[in-house]
Amino acid sequence: MATLRVPQVVPSPIEDSQQLRKAFVGLGTNEKTIISILAHRNAAQLRQIRETYHETYGEDLLVSLKKEISGDFERLRSMDRYGVLTCWQRVVMLWTLDQAERDAMLANEAAQKWHPGNLVLVEITCTRSAAELFATRKAYQARYKRSLEEDVAAHTKGDFRKLLVPLVSSYRYDGPEVNTKLAKLEAKMLHKAIAEKFYSHEEIIRILGTRSKAQLIATFNHYNDEFGNPINKDLKHEAKDEFLSSLRAVIRCLVCPERYFEKVVRSAIEGLGTDEGALSRVITTRAEVDLQEIKEVYAKRNSKALDAAIAKDTSGDYEAFLLELIGHNEN
């Protein structure tokens with residue numbers, strides 16, 4: 001369930017564009033107006049605002065946002081043509097982008113600066129629908145004039161390349177149908193490869209990279225029933241093995257994404273300093289999808305509300321924008 005709150009009566013894109021323009025001009029920027037509009041519009045409404053703003057003022061809304069908003073936050077890595085951004089700038093711009101364009105930019109960052117512990121490509125490929133991932137690949141080609149697949153292949157290596165290239169290339173069936181006989185067969189194939197510690201076996205890659213989510217859930221259930229352990233438990237044989245961590249992340253993202261994202265958020269908030277990049281990514285990509293479930297898992301796992309944790313670890317306009325997206329109620 002989404003946490004995004006859109007008012008019952010939404011102003012027209014022209015009215016929103018005018019209010020945003022007013023927030024940008026004059027002495028200082030009216031951040032409250034920016035938050036009150038952008039944090040309470042869905043993807044379709046934001047797209048209309050961007051189009052109207054550009055038609056009316058001759059400038060991309062994202063360019064105006066970067067110029068007019070700032071903050072005393074740690075500067076984050078570049079969002080390609082928009083340059084290096086503060087946390088506040090980045091979260092607003094991530095949210096305002098179309099999903100496909102946002103995912104394309106996140107995937108490009110992950111590919112260009114890939115390392116074995118970076119799970120963003122797994123996250124994007126395994127928590128989006130087939131149509132959403134296809135749209136991301138199209139947006140990637142339009143923006144970067146090359147394919148996501150070739151960039152992932154160029155910047156990864158070894159077993160990770162064997163896993164990630166099929167994942168970014170996949171187009172899974174989205175239907176609910178399940179082949180029980182096939183699920184039992186492939187559960188045995190997975191167990192055999194894992195028991196032999198052949199974790200990059202082509203059958204593991206094939207099954208995880210091509211089967212529908214419904215089919216995989218059936219396969220993992222048969223695995224548990226037949227062999228007495230959840231598959232992810234058997235993949236913890238070598239806890240510090242980063243390839244095994246990637247395989248576990250694939251399974252978690254496909255089967256229970258809310259648990260995967262709860263862990264990402266928890267890791268971003270815990271410890272010294274906050275990983276604003278990870279926190280912003282999760283909130284902006286899940287606010288219209290399943291952020292309510294993520295909040296519930298977080299509260300159960302950590303015995304405190306995600307709202308309170310974010311308020312404690314962030315500040316200023318960045319904090320205010322995040323809290324609006326997660327549906328924080330001050331009352």
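Think of each number as a place in line: the chain as shown, counted from 1.
Each residue, glycine too, has its Cβ placed from N, Cα and C.
Per TrEMBL, the features are:
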- Phe24, Gly26, Gly28, Glu68, Ile269, Gly273, Ala311, Asp313, Thr314, Glu319: Ca(2+) binding site (BINDING)
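Shown on the structure are the features that TrEMBL records.
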{"residue": "Phe24", "record": "Ca(2+) binding site", "Cβ within 10 Å": "19"}
{"residue": "Gly28", "record": "Ca(2+) binding site", "Cβ within 10 Å": "9"}
{"residue": "Ile269", "record": "Ca(2+) binding site", "Cβ within 10 Å": "20"}
{"residue": "Ala311", "record": "Ca(2+) binding site", "Cβ within 10 Å": "15"}
{"residue": "Thr314", "record": "Ca(2+) binding site", "Cβ within 10 Å": "23"}
